[in-house]
Each structure stands twice: as structure tokens, then as C-alpha cells.
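*Asks:* Feature list, courtesy of TrEMBL:
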type	residues	note
DOMAIN	C:45-233	domain 'Dihydroorotase catalytic'
BINDING	C:HIS56, C:HIS58, C:ASP150, C:ASP303	Zn(2+) 1 binding site
BINDING	C:HIS58, C:LEU59, C:ARG60, C:ASN90, C:ASN276, C:HIS307	substrate binding site
BINDING	C:ASP150, C:HIS177, C:HIS230	Zn(2+) 2 binding site
ACT_SITE	C:ASP303	active site
Amino acid sequence: MQRHLISAADLTRDDAVLILDTAEEMARVADRPIKKLPTLRGRTVVNLFFEDSTRTRISFEAAEKRLSADVINFSAKGSSVSKGESLKDTAQTLEAMGVDAVVIRHGASGAPYRLANSGWIDAAVINAGDGTHQHPTQALLDAFTMRRRLVGRDAGLGQDLAGKRITIVGDILHGRVARSNVDLLHTLGAEVTLVAPPTLVPVGVETWPCEVSYDLDSTLAKSDAVMMLRVQRERMNAAFFPTEREYSRRYGLDGDRMAKMPEHAIVMHPGPMVRGMEITAEVADSDRCTAIEQVANGVSIRMAVLYLLLGGNEPAVTHPRTEEK
Amino acid sequence: MDRQQDTQASDARPVLEGPDIARVLTRIAHEIVERAKGADDVVLLGIPTRGVFLAQRLAAKLEEITDRKIPVGSLDITMYRDDLRMHPPRALARTEIPGDGIDGRLVVLVDDVLFSGRTIRAALDALNDIGRPRAVQLAVLVDRGHRELPIRADYVGKNLPTSLRETVKVQLAEEDGRDTVLLGAKQTQ
Amino acid sequence: MSKILIRGAKVLGGEPQDVLIDGATIAEVGTGLSAEGAQVVEAAGKVLLPGLVDLHTHLREPGREDSETVLTGTRAAASGGYTAVFAMANTFPVADTAGVVEQVYRLGREHGYCDVQPIGAVTVGLEGKKLAELGAMHESAAGVTVFSDDGKCVDDAVIMRRALEYVKAFGGVVAQHAQEPRLTEGAQMNEGVVSAELGLGGWPAVAEESIIARDVLLAEHVGSRVHICHLSTAGSVEIVRWAKSRGIDVTAEVTPHHLLLTDELVRSYNPVYKVNPPLRTERDVMALREALADGTIDIVATDHAPHPHEDKDCEWAAAAMGMVGLETALSVVQETMVDTGLLTWAGVAERMSFKPAEIGQAQGHGRPVSAGEPANLTLVDTEYRGSVDPAGFASRSRNTPYEGRELPGRVTHTWLRGKATLVDGKLT
């Protein structure tokens, strides 16, 4: 693994499987009376959030605290950032306070990459979502959820998602979740199909390692997992689709459509869900919907990433040195 | 378990062979029954990797002796190690606590080699986060000396005086295809 | 003023000749000229060009003197071999009145490194709503003939039509920054494979091409001429080629960076590659080179756009758009056009001096290297190769995309009306 986690595309298959396997062990900590490990004692992690995202921030914070890291939360709102301080100055100020890692959420695509590669700071950088670019821990927790449900909790250890057919539905254009998932799922051997109205698919998608379809119904029967992405109502005003009703009629997942999926297939959603838009309440509340599991899995995945990036004197090596076995 | 060593034994000679290992495990099982007064509240926790197989073997022997099911599990100490910052992070091994937990029970930690004692210190910390045993004891296949912490084993298969220039390597059929304990010289790199 | 003898230079890349400057004028061109009473510049092996003319420079003064001033910008120009630059109107205040253009014009004359010909804004405040006083700017001491809202597109078709018509009265030209604003809302880079991957807002080629198509048709309809700034796509080339074949009076420019760099560089998220129009694909770069070679694109213009360090040392979305270019333009043209065999040095003179001076009606610039002409000259060591070091720039800003890149050619001397502004690579 590299020193930073910026993009799901940077992970090799073995890196990704190591993270998923590690997360599987981390998940067991949640079942203990004391949900805490001493692993990152004395390490300081700052959650540098330039965009509001309570869910992601809390998930990272829970992961950091379970590993005993010291946690600093920094929200751009009401801070010097709103007074015009730059990302560089903010990051350098925080590093001067002795930060070992920066978990960054930023509205600008590439901001974490810049932070990691421009020589501004030495700390490890973990991307918690940048603009419409990447959200690698989301992709990892999604893959973790799929592996548990489709391969098995123990049977999945050491395994990837070879041959699994994953359909991702919704706003691909503005979505970092879709980009990250396509990259990671492809690395893990899954076959990905993106489904969206053509207006919400980026120009240039043809080079992505996936299929693109404009027709949801034709993909459902051959999907092991269907991931519904949030579609913001505001997109309607920019003419990406005519009405909310037309969108949900063509691309929303309701009970009838779910019935077309194979028995074992699951419904995923990264949240927050817009019920009645991309997903009906009936589907969202069904046993096949993994939205809540994904939240729990998010903490385990983030613990795994933090441990593998910060737990030692250098990032984890993909192949553990044999002489230490 | 020789976690501190990055080198492999060269020209290693066996100090315990398969039948010896079986014999000392039987002896340890009897000692546990004796000292734990029937072993009715014993939980065996092996420290990965080879401690887990030893714990399973011990449990089988205890079951033979007591004719009762003996709870056995594993305790990964990786994230409690005091040398984490000296290496890249290691892949985690499984921690599997038997269903009834460890509260109020006699936990016997099982490991292959007792050396500096740091592994056992980490194991005690890990146990602390899992529950509150009535007592904790330690069983090891080999005690090679050179303790760096005030820790001792309650059950020892073989005391093996060694020098720091030597390595002790335990091989078990479950992992390595054969049962043996090898003593060799540390390879200079 | 004393005499200068430039000895043995390949004039426009041709056979070695001597060029004698007397005062502000070229006195004689020939072989074996007498050096008597003249300071001699040995120029064997070097190429002598007419002083370069840049139809598209941002000097930033007034208003953004932290990025560039007329003085630093004209020193950069002299350093790059230019003797005349056209200063874009997007200053603060905007160059939309006679007062502002005269100030910029005078500053250039006073400093004496390079003539500065101000470009006037087409619309008041570059807002695209109301025509600026084009006639007043033309009649001012600055004698403005080129008008542009550069940085912004004159997107209202009626305003554009009126501007094209209005400048006919005094032979002016409108230089259009072709960028359909609605299609480029939130745009950050060329829309295509790379933008899809990087998640940066796409800047479609059609946003440029649709405006160019409209404007050549408008120019034809009203019988005016139009100049297209910094053409960047293969599609734009096709439209201009078609327009010229119909006899439409259109000229077009390309920047050095669009001849060399592609949007693949944006993968670094380094805002030094953020520019308007954006870097395009390899296919576009090749089409632009071909078009510059065959004359579809008339000239090279730098779009020299200085920005202070902090405006580039940040995340991509927050960064300013633009690159400095005056001091590297000729090297990039040599690399992409001359060393590739697409253009001779005479062709370079045509596209970087004669033609831009003609389009902008720069008096005394872009003239042949012959007796009686103003001594505006540039001497180039074309054998030189070296890596670009922004620390040595005369420009106040350092936002070059070529830092550390090896490029051929180096301007060693520049003369403005017989006065050396650059000697042995050093500004006077």
C-alpha cells in the first residue's frame, strides 16, 4: 500500500483484500465489551472537513477512537477557511500541531491529491471524499458488504469478488461513489454495469472498466447486487431529468423491480437515501437492503485503513514478510 | 514463537521431535487438571499462529482426561504489541473467544515459545479488553529464557537454555507439515 | 545612435548575411559589410528574425500589479524576442475607455523595452451588455484597433454582430474569446476521458466551436473581419478552414501551450496546467500544429497570463487560469513546429511577426529584414537546448507549465528600433 489513500484506483487486488480481511477482524472488536484497541495510542488524526458530512465524519471518528488515536475535528464552517485561509495554510497549521494523519473531505476534486503530493505537509492523507472524484473508503465498505453477503463472512477471507455482477444506478456524473466503486470492483474482479439516464453519465465514460446501460429493468435479473445512488432533486432544475416522478418511474427501485432480482441479490445504498426518489420505503426497509450494515461496516473498514496506514513505521506491505510467520 | 527474530535457523538441529511434543502436551494437560482442580472452568486461548494449534491439541487431551468439552479459542495480540512502530503493520490473525466468554474463568494462554515475555504482556492487555477472568495461566511448549519482563510460565513443555545468537523454531503439522522444534544459529545477514 | 553590425546571421533562417543597423533603422543587408564604426555582434549560426509581435498578452496593469506590470511584462517580452505586444483589456479598471488605454500605451513607451499596443474592451466592463466607446479608444493616443473581451466571451449574438459592424468604420477587428458560457458553467478542464476520471467539470470542445461557427457566419453576413483568440480544438480548426474556403475574413491564433501540452497533464491536479481554454487532447494538438503549418491558423499568440504564486499553489478548483508564455513561446514553437519539420524559420517569422502585426496594425512592426525598415529584430540561438528555470524569468510571475522541461532555442538579442533591449540573453 502507499502512504496515502487517495483513490480506489491506487489499490492493487492484494491491497484491497488485505484491507477487507483486516476489516473483518476489526468488525469483531465491535462485539466486545470494550470496543477499543490501543493500536494508535499517541497518534493524532485530524478530520479536516471542508464539506459537511456528518455521517462520514462520525464514522471516521468512531474508527479513530476505537484505535485509541487522538482525534481533532476541524470543520471549515466558521473557521479561518471561511475567512479565506487556503487549504495549504490550514493543513500546515494543523501539521504544526503534530498531526500524523489528515482525513480530508473537500468539495474540490483533487484536493486530497494536492495535499498528499505538493510537499505542503508530511502527514499521511486519507481521502474522505473529494468533489466528484473519489471516495475510496466508501468503495471499500461497499465491497466489504458485498463480500460478506455474497461470498460469506468467513468464506470470504482472502477472497475477492470475482465474477460478481454489480449494478450501480443513479447520478454517475456527479458521483464520487460510482467512480470509486467502478475502480475497486473492477480490481476485485467484479463485473460492473452503470445505469443512469444519459444526462447523468459523464462524457468519457467509455474508457471505464464497466458497462453502461440506460435501462434498469434489463439489468436487474442478472445482478448480484444493485447499488442505488442518491439523486439530488436540484439536478432536476439543471435539466438532467424532467421530473422526480419520471426519474423514479425509469430509474427508481421499487418492490416490483426488486422482485426481478435473483433471490440472493442485495440492494445497497451509501446513504443518505431519498425515499420516493431513487428507492421506495418498501425496498429501503426490506431485509435485502444493506444500507444500515454499510454504515456499521464503514467503521470497520476505516479502522482497517487507519491501522494499515498508521499502525507501523511504514504502510502495510501487501505480502507480509514470510520469516515473521 | 520467535517473533523477535527475522532470521531463520541454519544448520538447525531438532531438540524435540513429534513423539516428544505429544508427550509433553499430555503432561501439561495432566498438570492443568491437577492444578485447576478438575479444570471445569478452564478456557484455552492459543496465541496465533502455532499457539492456536497447541491449544487445540491440549483441549483434545483435556477432553480425553476429563471427558468434558473444553472451550478453546484464539487471541491475536498484534494490535497490542509494543513494537508496532518498528515494523510495517502486520496482517491480523483471528481472535475467537468461546461462546461463554472468559469472565470468571481460568484462562490458560498457550504459545509455542516463551522468550522476551513481550507477547504475553500484549496478550494480558488484550485479555483485559475482552473480559475479567478468575485467573490467567500460561502454557508454553518451549521456554528459551532471556526474559525482558517479569513473566513466567505455569506449564512448560521443555526448558531450553539458549544463547541470543540462536533461534528456536517450532514446526507443527497443522501449519508446517511436521512436528518438531529446531534450535539453530541465527543467520548473519 | 551608433551603428551595430550583426555579422553572419541566417536571416529568416536563410543564407548567412550581415545586417547593419544605423540608429533606429536597418541601413544595409548583405555579405561582407564593413564593420567600420559599428559595434559588432557575431551571429554566425544564429537565426535573425523580425522582432516578434504578440497579439495576446496580459500585462495586468492597472489593477493586478502583484502578478505583472507593464514594466515587468515588457521586460519579459523583450527577453522572449518580442518588440511589440498587444495588452488585453481585462485589467482593473477594464480598458474600456480612452483614459485607460492611453495610460497603458504610455507606460510601454516610457519603459522602452517593447511597444505596448492596448486592446480595448468590446463591451463596458467586459460585461457583454453594452458596447464600450470603441471609436474613442481608436481615436485616442493609443490608436486602438483590436477589441476583445478576452477572458469572457461576447456571447450575445446581437452585441457581437453590432461590434463586428461598428469597427468597420475605422478598420478595427474584434478578437473573440470563444466560450459559450452556459456550456462551461463550472468547467475546470477539457471534457473527455480524463475529466471523467478526475471528476473535474468538463469544458466541452463544442463550447468553443459553436461560438466560432456563429461568429464566422456573422462576420460573413455583415462583411466584417473577425479574429479568433487561442483556438484549441480540432473542430475549431475545421470550422476556420471552412470559413476561409468560403472567403470569410477570419484570422485565428493558437497559443504555444496548445501546440505542446495535453489534458493528460491534469492528472497531476497541478493548477500550473489550468488554463482557459483548457489543454485538450493529443488529437487536438496535432490538428492545431497542422493548421498552423498550412495557414488555417494564422498566428501564434502567447496568451501570457501571469498569476501570483498563491493563486496556483492551491487546489485545482480554487486556482486561477492561465500560464506565462512570453519567455518560452519561441522555444515551444521551435520544438513543436520547426524541429518537427512543419515550419521553416521564414514560416515562424510570418506567424509570429509579420501576420500578427498586420492583423493588429502595429505600425513599424512585422516588417521585412531589409534596408530602410525599422530595426526591430530578434536573434535566436537555435542550437541551444536547456531546461526552463522560472527563477530566471523577467516576468513577475512564475506560473509556467514548462519548469524543468528541456526546450530548444534561446533568444540572445532583441533590438527595438535599433536599441538593444536584450544582449547575450541579458536585459539591458
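Each residue, glycine too, has its Cβ placed from N, Cα and C.
Distances, neighbours, how buried they are, the whole picture for these features please.
*Replies:* In the three-state DSSP assignment, the secondary structure recorded for C:ASP150 (Zn(2+) 1 binding site) is coil. If you take the C-beta of C:ASP150 (Zn(2+) 1 binding site) and look for same-chain residues 6 or more apart in sequence within under 8 angstroms, you find C:HIS56, C:MET88, C:ALA89, C:ASN90, C:ILE119, C:ALA175, C:HIS177, C:CYS229.
Its Cβ placed at the centre, C:HIS307 (substrate binding site) has 26 other Cβ atoms within 10 Å.
C:ASP303 (Zn(2+) 1 binding site) counts 28 other C-beta atoms within 10 Å of its own C-beta, drawing on all protein chains shown.
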*Asks:* Which ones in the same chain are close to C:HIS58 (Zn(2+) 1 binding site), with CB under 8 Å and 6+ residues apart in sequence?
*Replies:* C:GLU68, C:GLY73, C:ALA87, C:MET88, C:ASN90, C:ASP303, C:HIS304, C:ALA305, C:PRO306, C:GLY322
*Asks:* Look at each of the binding-site residues, C:ASN90, C:ASN276, and point out the one with the fewest other Cβ atoms around it within 10 Å.
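*Replies:* Sparsest of the binding-site residues C:ASN90, C:ASN276 by Cβ contacts within 10 Å: C:ASN276.
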*Asks:* Cα distance, C:HIS230 (Zn(2+) 2 binding site) to C:LEU59 (substrate binding site), nearest Å?
*Replies:* 17
*Asks:* Across all chains shown, how many C-beta atoms besides its own are within 10 angstroms of the C-beta of C:HIS230 (Zn(2+) 2 binding site)?
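*Replies:* There are 24 such Cβ atoms around C:HIS230 (Zn(2+) 2 binding site).
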*Asks:* Can you see whether DSSP assigns C:HIS307 (substrate binding site) to helix, strand or coil?
*Replies:* coil
*Asks:* Using DSSP reduced to three states, classify C:HIS56 (Zn(2+) 1 binding site) as helix, strand or coil.
*Replies:* strand
